[in-house]
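**Q** Dropping a structure here in structure tokens format, bear with me for questions.
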Amino acid sequence: MGSGTKTAKLSLCVIVLLTVFGGALSSSAAQRCFCRVTGSLDDCACDVETIDSFNNKQLFPKLQKLLTTDYFRFYKVNLNKPCPFWTDNSHCGLRDCAVKPCTLNEVPDGIRTGSQKQPSEASGDAAEECERAEKLGAVNSSLSEETQKALRDWSRYDDEEERFCMVDDEESPDSEYVDLLLNPERYTGYKGPEAWQIWNSIYEENCFKPYTVNRPLNPLAKYSGDNEGRGFYNWLAGLCVEKRAFYRLVSGLHSSINIHLSARYLLEDNWFGKKWGHNVSEFQQRFDETLTKGEGPKRLRNLYFLYLIELRALAKVLPFFHQPSFQLYTGQPAQDQHNKQLLLELLQVAKSFPLHFDETSLFAGNKKEAAKLKEDFRRTFKNISRIMDCVGCFKCRLWGKLQTQGLGTALKILFSERQIESLPRSPGAQHPFQLSRQEIVALFNAFGRISTSVRELENFRSLLSRVRDEM
């Protein structure tokens, strides 16, 4: 990549125009840019410009279309689980924190019955068992015997040892379906000590940080100066690639969430209604190089790292979804088949990306040490997924649980290559690798959030450049 790349880097330079003092323009701020969010990414063979072009032009439109379909818009979640780490009954009282669950008649029959486990043969209530079986049979009558068996296999499959995150029990009476399109992720006003405690616990207790590093990892915390910053990055560079990747994934997820909140900010709230839109000042406070003491560009680079990890998982899982017996089952055969074709086309686009992350660099070397490190990695990420039940804002909890489960599912895929490659080619054979519907919905919606974040960066660049030109 020669002069063309240099030109692209210059064109992606983002001019920061707003200060935090009442949103007034500053000439010095207008001359700044975070050009360092360009070029190659650490621990990867890819660059920012390639990701921007690929995501915004090829993948993002297809993914957004898929996520509006019934299979992907309904997510079953338990938002009433107690925090397992500290006593906290201070749920957010802000109206924008509320989540509206679906009534049963709002969820397609195929989704509701398809997520149920088959009745146990040991059940003592024969009448209930027959009723459930009869209902399931009525819904599935149009399906082949092979597909019905596959649906039962996917429904009851349990691979807790292979998971990187905690999964809600879909059979719990506290689990409810939520329409993700009617409960979008956006700014709710949830902040302060409670929000700080969540991120502080994630960074300080779950990112392999040694006690010798004084500087807080939590971007919300204050630290005194550049010396601590240099010491932190010297420590980070000295970590093994797996632990360094773990921190970058958490930081990338945090950055993505902050971009969503800045892009769907409550700008007006009066008797005419609410107006949501881009808050450039909020974006600047979180990512401007000077205001964040050089941290902003690093956070955005970690977003791109997270993008590559989840994109690689989508490329690797294609054989699973390509199985003839797999359906995006909602009970509407024609639409389900059409949506499966949309899904396969999307995964083919993901697979075509020229500079995928090489996951073979992770957990390599000594087998015993690698196995222990992988287990530490899995256990620590599971812990982070449990912290999501401590989030006081229910809408933030919903999207936090979904996005950590989506990333956990992506990690599960990356490290199940052999199982995916050995998927049976013949009908009726046992499946060595499975994903539940809950995992599938989380996987694609979580990547949808990351893809949207990358797309929103282009929107912020455009907004910033437009104001710069008007100065």
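Glycine too: its Cβ is placed from the backbone N, Cα and C atoms.
Automatic, uncurated: that is what TrEMBL annotation is.
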**Q** With reference to TrEMBL, specify which of the listed residues Cys390, Cys396 is paired with Cys393 by a disulfide.
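**A** Within the candidate set Cys390, Cys396, TrEMBL assigns the bond with Cys393 to Cys396.
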**Q** Using a 10 Å cut-off on CB atoms, tell me which of the binding-site residues Thr188, Ser251 is the least crowded.
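**A** The binding-site residues Thr188, Ser251 were compared, and Thr188 has the fewest Cβ atoms within 10 Å.
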**Q** Count the other Cβ atoms sitting within 10 Å of the Cβ of Arg186 (FAD binding site), across every protein chain shown.
**A** 16
**Q** Whole-number Å distance between the CA of Arg286 (FAD binding site) and the CA of Cys165 (disulfide bond)?
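**A** With the alpha carbons as reference points, the distance is 28 Å.
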**Q** How many other Cβ atoms sit within 10 Å of the Cβ of Trp199 (FAD binding site)?
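**A** 18, counting other Cβ atoms within 10 Å of Trp199 (FAD binding site).
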**Q** Expressed to the nearest Å, what is the distance separating Thr188 (FAD binding site) and Cys396 (disulfide bond) at their Cα atoms?
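**A** A Cα-Cα distance of 8 Å.
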**Q** Would you kindly give the Cα-Cα distance separating Arg186 (FAD binding site) and Cys393 (disulfide bond), rounded to the nearest Å?
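**A** Checking the Cα atoms of Cys393 (disulfide bond) and Arg186 (FAD binding site) gives a distance of 12 Å.
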